[in-house]
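Going by TrEMBL, these are the annotated features:
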- R108, T402, V403, N404, D426, S454, S455, G477: L-glutamate binding site (BINDING)
- T384: active site, nucleophile (ACT_SITE)
Amino acid sequence: MYSFGSKIRPQWLLYGSFIWMTGSSAIPFSSDQVVLTAQDGAGAVASENMECSRIGRDLLRQGGNAIDAMVGTQLCVGVTSMYHSGIGGGGFALVRTADGRYETIDFRETAPAAATQDMYNDDVRASIEGGLAVGVPSELRGLEYMHEKWGDLAWESVVMPASHLAREGFSVTADMSRYMVAGMKDAGRDFLIDEPSWAEVFAPNGTLLGVGDTMYRTRLADTLTTVAKKGASVFYTGELAASFVKTVRDADGIMTLEDLSAYRVESREPLSTTFRNHTLYTTGAPRQRPITLNMLKTMEQYPLPPTPDTNLTTHRYNEAMRFAYGARSLLGDPDFVRGLGPYEASLIDDATAAHTRARISDNETQPVDHYAPHALFVPDTHGTSHVVTADSAGRAVSLTSTVNLLFGALLVDPRTGVVLNNEMNDFSIPGVRNAFGFEPSPANFIRPGKRSLSSITPVIVEAPDGGLRAVVGAAGGSRIVSATAQVLWHVLEHGMTMTEAVAEPRLHDQLMPNEVWLEYTFNNETAASLADKGHQIKWVREGLSAVQGITVLGSGRFEAASEPRQKNSGGLTA
């Protein structure tokens, strides 16, 4: 079997993630122990929090479908992983229905009506922190849209489990503790301890909660209960909306009640292409998922060798990745950028893949200009989470949600308990080069009502016979694209289980900076081979991306694999 070749280090076994298979008991994750059972199941769920995956699993057991399980799981993630996700943010989803149809749901935050492309000219920091950084929150509208269209259980039934958890309390996990510390470090101040609206949850006794302590989010519980009983619209009009709009405006923001009431979910046609006799479906712009498919299409141009050459194949794969990231700069919101449809289609056709392969040298990597990066813009969000669900009828959801950076705009509404996003930072700012020295991308400039470019990449894979094969997605900012592509590549080309594919050491090369990132567990021989071909190697810790995946094994069996680099993630089957 093709592999990046490194053994998982022993300390990974201490991370505490679990891999669940249909009909099995929970087992600690081990790269050398993959158990596939043959029992039928109602479905599967994987998320970054085991408690939330249990909620989704329980909803499946109660007769709910993949959409019901997704809503319950996602709302729970917003309670327990507020640094990544929540109803103060937004996201994207790809849905597969029982009859094999696909729909892309764009519930990305939008720029307020008063936003302008030069609004951060005098203070770029205002796009990161404070009211001016907040895009129109949209997650609840997205969840409502999907539940109304495809859900089987009552809305209150899928919302209330998250409300109960917020009210009754949940344990601070090792992941949460790490992100709390990281969030304050990024902010440059101990806001979770020193600012009253945060401290009442995170430091109720004047000291930051630690691993094993119980956290309560009673204000958010009240908000979710109201939403459960009255519907999502109560969040966009009336007193709840007025409260967090006031919080935004008190922090120098420009959002209005009209911005909230005017928000609409966008339903779009998914993109699709074939890879190794499977059909892959994904979202289009303003997501950058065509880039992931572009990488796989390029690799499909190489015939499968009878004896794998790991070093050469890894070099080719990394070169395909560099070309893919170079193609990102022309993507943007299709409602504001003309001609995106033909451009997206060209990125995933065989002719483009063949052209890209012809430009790849097996002997060496090339200078950055060779990959035509133009004005490269690479959103680098850290506050992102992914949920995957599937059921026995063939329905599936791959959903990514985000508040953008850790703890969003560092604003929490004191009445509703909602943590507000800083999605405006994902727009390009005229005249401001990004961290890698590239000019800003005009396709991603701010416009009123516009949705910013995103690395979010939900994927659903259809088997050659038309049945559901896999559901995959990732969190991790600019690493979302590379992580998702690698897992799909390992499953569909190398025959790995989802568990094995998610555990494989990862590489990432977004073209700028001009270096390839290798996890410390990556094979040293392959790393040396890459260096010999001119790649600049940077060794990085594990956990810069987090993948969730489900595979259908046949005869109703499911495999749910959650990110082993997160200590408290979990994949479960029902």
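Cβ atoms here come from the backbone N, Cα and C positions, even for glycine.
Counting only the Cα atoms, the space from T384 (active site, nucleophile) to R108 (L-glutamate binding site) is about 13 angstrom. N404 (L-glutamate binding site) is surrounded by 31 other CB atoms, counting those within 10 A of its CB over all protein chains shown. As a whole number, the greatest separation of Cα atoms within the L-glutamate-binding residue list R108, T402, V403, N404, D426, S454, S455, G477 is 15 Å. Annotation note: V403 (L-glutamate binding site) sits in a strand segment as assigned by DSSP. Between the recorded positions T384, T402, V403, G477, the minimum number of other C-beta atoms within 10 Å of a residue's C-beta occurs at G477.
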